[in-house]
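*Asks:* Please see the structure below; I have some questions.
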Amino acid sequence: MLRLARPLCVQTVKASKLSRLWSRPAALMSTLLIHHPQYAWLQDLGLREDNEGVFNGSWGGRGEVITTYCPANNEPIARVRQASMKDYEETIGKAKKAWNIWADIPAPKRGEIVRKIGDALREKIQLLGRLVSLEMGKILVEGIGEVQEYVDVCDYAAGLSRMIGGPTLPSERPGHALMEQWNPLGLVGIITAFNFPVAVFGWNNAIALITGNVCLWKGAPTTSLVSIAVTKIIAKVLEDNLLPGAICSLTCGGADMGTAMARDERVNLLSFTGSTQVGKQVALMVQERFGKSLLELGGNNAIIAFEDADLSLVLPSALFAAVGTAGQRCTTVRRLFLHESIHDEVVDRLKNAYSQIRVGNPWDPNILYGPLHTKQAVSMFVQAVEEAKKEGGTVVYGGKVMDHPGNYVEPTIVTGLVHDAPIVHKETFAPILYVFKFKNEEEVFEWNNEVKQGLSSSIFTKDLGRIFRWLGPKGSDCGIVNVNIPTSGAEIGGAFGGEKHTGGGRESGSDAWKQYMRRSTCTINYSTALPLAQGIKFQ
């Protein structure tokens with residue numbers, strides 16, 4: 001699913017060199033994009049050339065300094081001073097104190113605060129969307145849409161704040177009531193990845209807040225400016241409502257900060273979005289202390305198109321799901337299974353559609369396809385294409401690094417591989433689509449389920465019986481099981497997450513709120529009698 005940024009993606013400078021770095025001559029400082037007139041709007045988000053990456057009611061940071069880069073041209077944007085372990089300890093302490101205030105506020109009033117956060121985000125949606133596009137690399141419409149998703153989740157959470165609760169159940173004993181009580185966990189740690197630096201935090205943050213928790217956020221180092229800008233907006237809302245800023249804290253940092261959160265018993269729930277490999281390490285650290293974790297990990301998603309599929313739906317769905325966000329979505333389609341009777345036609349039409357994709361600067365509203373996030377991602381793309389060729393695949397479209405400033409690669413289609421080729425079962429976070437022929441429903445359902453991940457899946461068919469078999473116990477084993485729509489994109493009203501090596505976590509809608517709370521079963525005796533088991537009586 002979502003990958004954590006690696007250390008290679010950022011320039012790290014020891015804290016001892018901090019003053020020297022931040023007192024560079026003006027000529028050198030002007031190389032940062034934030035100093036260029038066309039990026040002056042960054043200052044409207046409260047950003048500057050040197051930014052503090054810790055917030056716990058006040059801004060600070062005593063850790064290393066990193067520089068974040070624009071994936072479209074690999075130019076430096078600005079610098080961020082990350083959290084030290086001392087900053088982390090101070091932030092945890094302040095967050096815990098803030099919880100004592102936040103937990104006493106009635107849930108509907110907490111919902112009102114979350115609604116105000118959504119309103120504040122809405123006012124900055126264009127600027128934040130541009131920042132997401134600049135620092136992450138996704139096209140502008142996707143960057144704005146991601147902020148809109150956070151706004152929508154705030155609206156959803158505000159309504160949900162009046163509905164959370166447990167049932168009253170029939171008691172077996174006369175004069176007794178049986179009920180469920182739901183209470184907040186306390187401190188929710190949120191570790192997000194680079195590819196959705198706003199929305200995934202929003203899913204967790206909005207629901208965690210209305211359920212009575214405080215939050216500590218560690219975003220990906222390569223999208224630190226997004227984390228800071230979003231936190232500044234939230235902090236203003238909290239300040240205006242006379243609430244402690246530590247209700248929504250931030251500690252920018254790398255793997256050391258994530259490890260500290262995973263091992264810290266004071267973090268009552270850790271929501272982690274990233275690779276399966278790192279997620280497994282996180283899960284083991286949290287489980288070792290009998291903590292709670294919410295994992296959103298790898299996805300190796302498939303679309304299946306049967307002989308009766310409406311190709312006017314299949315083609316745009318496959319295109320959108322394969323190349324959207326340059327193949328860096330957790331729900332990106334990576335495997336396309338086509339019935340043998342339509343395989344050749346669909347591949348030819350897909351190749352034609354790929355040739356019309358407009359590539360360029362992601363903040364240009366006319367562009368549909370932007371860069372990969374880092375140079376490392378480009379290297380992984382090249383390696384995957386070569387592995388696919390060695391395993392018998394044929395690149396029928398793309399497959400090369402583009403001669404373009406930044407981290408651009410060609411959207412790629414590969415045919416001729418067997419369904420269980422090693423490269424097919426390996427998730428590569430890049431726009432590579434593996435296409436296969438199949439003969440019948442039974443075999444293709446098995447192929448869909450044979451990968452270790454289980455996030456998203458979709459079939460295209462008009463056969464009602466097949467649709468319900470797909471949705472049933474012998475159909476898709478994924479957490480998202482679609483019909484006649486792409487694998488990518490998810491409505492906030494449904495629970496988002498996957499099975500198997502995807503981690504089993506659920507975020508956003510439906511009853512995902514339960515993961516942020518603890519349940520108590522309560523028996524209340526409102527009579528004067530005390531019936532005991534097995535008919536025991538006290539004389």
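These residue numbers are counts, starting from 1, taken along the chain as shown.
Glycine too: its Cβ is placed from the backbone N, Cα and C atoms.
The feature transit peptide is assigned by Swiss-Prot to 1-26, with sequence analysis given as support. As annotated by Swiss-Prot, N6-succinyllysine applies to Lys86, Lys94, Lys97, Lys537. Taken from Swiss-Prot, the feature N6-acetyllysine applies to Lys86, Lys94, Lys97, Lys462, Lys500, supported by similarity to another entry. Swiss-Prot lists 192-194, Lys218, 258-259, 274-279, 296-297, Glu427 with the feature NAD(+) binding site, giving similarity to another entry as the kind of evidence. The site 'Transition state stabilizer' annotation in Swiss-Prot covers Asn195, and the record cites similarity to another entry as its basis. As annotated by Swiss-Prot, active site, proton acceptor applies to Glu296, with the evidence given as sequence analysis. Taken from Swiss-Prot, the feature active site, nucleophile covers Cys330. Under the heading (S)-2-amino-6-oxohexanoate binding site, Swiss-Prot lists Thr331, Gly489, Ala490, citing similarity to another entry as support.
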*Asks:* Of Lys86, Lys500, Lys537, the modified residues given in the record, which has the fewest other CB atoms within 10 A of its CB?
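*Replies:* Minimum Cβ neighbour count within 10 Å, taken over the modified residues Lys86, Lys500, Lys537, occurs at Lys537.
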*Asks:* Note down the number of other Cβ atoms within 10 Å of the Cβ of Thr276 (NAD(+) binding site), including every protein chain shown.
*Replies:* 21
*Asks:* Could you state the whole-number distance in Å separating the C-alpha atoms of Lys94 (N6-acetyllysine) and Thr192 (NAD(+) binding site)?
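*Replies:* Given the Cα positions, Lys94 (N6-acetyllysine) is 21 Å from Thr192 (NAD(+) binding site).
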*Asks:* Cβ within 8 Å of the (S)-2-amino-6-oxohexanoate site's Cβ centroid: which residues qualify beyond Thr331, Gly489, Ala490?
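*Replies:* The answer, listed by sequence position, is Arg329, Ser456, Ile480, Pro486, Thr487, Ser488, Phe496.
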*Asks:* Among all protein chains shown, how many Cβ atoms are found within 10 Å of the Cβ of Glu427 (NAD(+) binding site), not counting that one?
*Replies:* 24
*Asks:* Among the recorded positions listed here (Asn195, Thr331), identify the one with the smallest other-Cβ count within 10 Å.
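*Replies:* Lowest Cβ count within 10 Å among the recorded positions (Asn195, Thr331) is Thr331.
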*Asks:* Give me the Cα-Cα distance between Ala490 ((S)-2-amino-6-oxohexanoate binding site) and Gly274 (NAD(+) binding site), rounded to a whole Å.
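*Replies:* Between the alpha carbons of Ala490 ((S)-2-amino-6-oxohexanoate binding site) and Gly274 (NAD(+) binding site) there are 18 Å.
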*Asks:* Within 10 Å of its Cβ, which one of these binding-site residues (Gly258, Gly274, Gly489) has the largest number of other Cβ atoms?
*Replies:* Gly274
*Asks:* How many neighbouring Cβ atoms, not counting its own, are there within 10 Å of the Cβ of the residue listed as 'active site, nucleophile'?
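*Replies:* Its Cβ has 31 other Cβ atoms within 10 Å.
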*Asks:* Just to be sure I understand the packing, how many Cβ atoms besides its own are within 10 Å of the Cβ of Phe194 (NAD(+) binding site)?
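*Replies:* Result for Phe194 (NAD(+) binding site): 28 neighbouring Cβ atoms inside 10 Å.
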*Asks:* Taking 10 A as the limit, how many CB atoms besides its own sit near the CB of Glu296 (NAD(+) binding site)?
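*Replies:* Within a 10 Å radius of the Cβ of Glu296 (NAD(+) binding site) lie 30 other Cβ atoms.
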*Asks:* How many Å separate the Cα atoms of Gly258 (NAD(+) binding site) and Lys86 (N6-succinyllysine)?
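*Replies:* That comes out at 14 Å between the alpha carbons.
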*Asks:* Tell me which residues of the chain lie with their Cβ under 8 angstroms from that of Lys462 (N6-acetyllysine), as long as they are six or more apart in sequence?
*Replies:* Asp308, Ala309, Asp310
*Asks:* Counting only other Cβ atoms and using a 10 Å cut-off, which of the modified residues Lys94, Lys97 scores lowest?
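*Replies:* Minimum Cβ neighbour count within 10 Å, taken over the modified residues Lys94, Lys97, occurs at Lys97.
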*Asks:* Just to verify a number: CA distance, Gly274 (NAD(+) binding site) to Asn195 (site 'Transition state stabilizer'), in angstrom, no decimals.
*Replies:* 10
